[in-house]
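Structure first, then comments.
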Ligand SMILES: O=C(CO)[C@H](O)[C@H](O)COP(=O)(O)O
Ligand SMILES: [Fe+2]
C-alpha cells in the first residue's frame, strides 16, 4: 500500500476565489487538488476546463488530479496536460478505445487513471493494469458534489485492492486506489480499511469555509485513516 493522499475536490470551493482556495487547502494539510471536469453530456452538469486549470496552476506545486467526466475524452487530454495536470483519469464508458486513451495520457506527460462508476464491473480493468497508475472508484454516481456514499462500493474497493496488490507482486508496478464521492470524517476509516489509499473529499472539506475548518477536517481524516492502518 502506498502513502495516503487526501485530495480536496475544488468542485465545492468558492469559485470566485479559486486560486486562494487551492493555496489555503494545501496550506491546511491537503496533499493533492482534485479537479472535476463535467461536460453536460457524459454527466448532467457543467464545470471547468483547461483555462481554469492553467489559472490555478501557479497557486500550488501539489499534484493536480484531473477527473474527466467528459465524452469524448481524447481531444481534451493534451489540453489538460499542457495546462498542468499531473494525473488524468477518465471513465471507461466515455472512451471508445480505452487503451488508446491511456497511452495518449502517458504520451502527453501525465499519469493515467481509469474511473469505474458504482455499477461498472471490476473486469473493465482487465488487460490495462500495466497502463494505469491509479484506479478511481466512484462511490456516488458522477455529476454532483454533496451526494451520499454508496456503501456497496466498499466490497468493490476490497476487490480492487486485492487486484492492485496482486499486480504489484507480479510486476512491481504500484497502482493507487482512489475513492471519490461522499467521503467524510465518519466513513473514511472504513474506506481505508477496505483498501483505498487516495481519498477525494469536496463538501466535507470546503463546507467548513475557513482555513482552520479545512485543517480540522483534513487532520481528522488523516487520523481516522492512520488508526485503521496501525
Ligand atoms: O467527481 C465528483 C462528482 O462527480 C466529485 O469529485 C465528488 O462528488 C466530490 O464531492 P463530495 O466529496 O462532496 O461528494
Ligand atoms: Fe471527482
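Even glycines carry a Cβ here, placed using N, Cα and C.
Note that TrEMBL annotation is computational and uncurated.
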Further divalent metal cation ligand in TrEMBL, beside 34, 36, 67, within candidate set 180, 186, 197: 180
Length of the line joining the Cα atoms of residue 67 (divalent metal cation binding site) and residue 180 (active site, proton donor), in Å: 10
Spatial separation of residue 145 (substrate binding site) from residue 36 (active site, proton acceptor) - C-alpha basis, Å: 10
Helix, strand or coil at residue 203 (substrate binding site) [DSSP, three-state]: helix
